[in-house]
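Presented below is the structure to which this report refers.
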């Protein structure tokens, strides 16, 4: 952003008084790094710490941020404020030092709320679909020439980054319910894609508590704000009478304000019609597969229509949509002759989905777009608590693929829970008689096990939220050939 653009932005968004140096503890996460990137481009001095370098820390370093790959008290001593990731514990030496030095320590969402305070905020919440919907809204606003600021939990492929500082009054952000920190946000528009039982430790295992928290989030909207909600979701439909704000609904349901109809999928593209009240029909070509992505697009269109964005810009943005990182991310198609001597090819797709509903949506999109391909899934369960709480749902959904290779649970810092491990889940799936899953206890053996499982005209889904994304990239780099991958 040049000096003239920054001056224009400052007329909308004033500087934070007494804040020059902002330190992030856990800066390598997509959400933390995205906020740091926006603030760096606003001219603040940025530093941060994490345990290992990654693409996020590399990008921030190129913007002039000072990144430490250790947690030490001295890292924070010159900071005006310290922003902390939800993954960081209170005994972290940087947090202790900041408190001792009377430096304010705030959560990530509090800083995001500050970025949103003087802007027209659009916050996207929900159990599933937040990241993709955030990217779709961003793409439409960018196509319309509105140059929004955005902060997303995943890579926006068209922009090549998780976040970007725009020159307009618009801020589009993913809102995280996992630790209830989205209650800090006070947007003008809020999307809720769906509500399911997830992150239940945050809500004391009480689903009513989770539902009320979403209501409280929506009541952070001003009385003239807009709630955009998916009426196909049974929980959302139940909650509608309790939302005391203007509501626009969307979905496949007949009573949706923005209604998806005539959906069909050809390869990776969805084709459908959007019906809007008192507006022309939109005939949409969406460059993203699956009925779930048609719903995400409908939410984005509802917001854009309310803002008065031209229909042509909306349609162009959806047809050109490049997606987000690790959301049905096509990595390549490789001949099997060099992999295992078989004829035919195998497509490789990487996907972040780690909840049964998300995995089911990904499987359905794969089946609809490539009905003649055999579906081979490499799945890494994420968290023992989630595996325990949704055990039967996982067993049902994972039984729908043709071949299943399952890695050990990615713990995300949790202690093992008896009966909520990958071996138990494989045993349960095998007992249901549809498929015989392969338990992969040593990740180094996966390329060879995968090569033995491929038969030609396969679609490989690498599925999960842990470190499995790195494995997907290794498989792509090796073109699925086990001798190179090892």
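Backbone N, Cα and C define each Cβ position, glycine as well.
These come from Swiss-Prot:
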- 126, 127, 128, 129, 130, 131, 132: ATP binding site (BINDING)
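Annotated features, which come from Swiss-Prot, shown on the structure.
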residue	record	Cβ within 10 Å
126	ATP binding site	24
127	ATP binding site	22
128	ATP binding site	21
129	ATP binding site	24
130	ATP binding site	26
131	ATP binding site	24
132	ATP binding site	30
May I ask you to report the DSSP-based helix, strand or coil state of residue 132 (ATP binding site)? helix
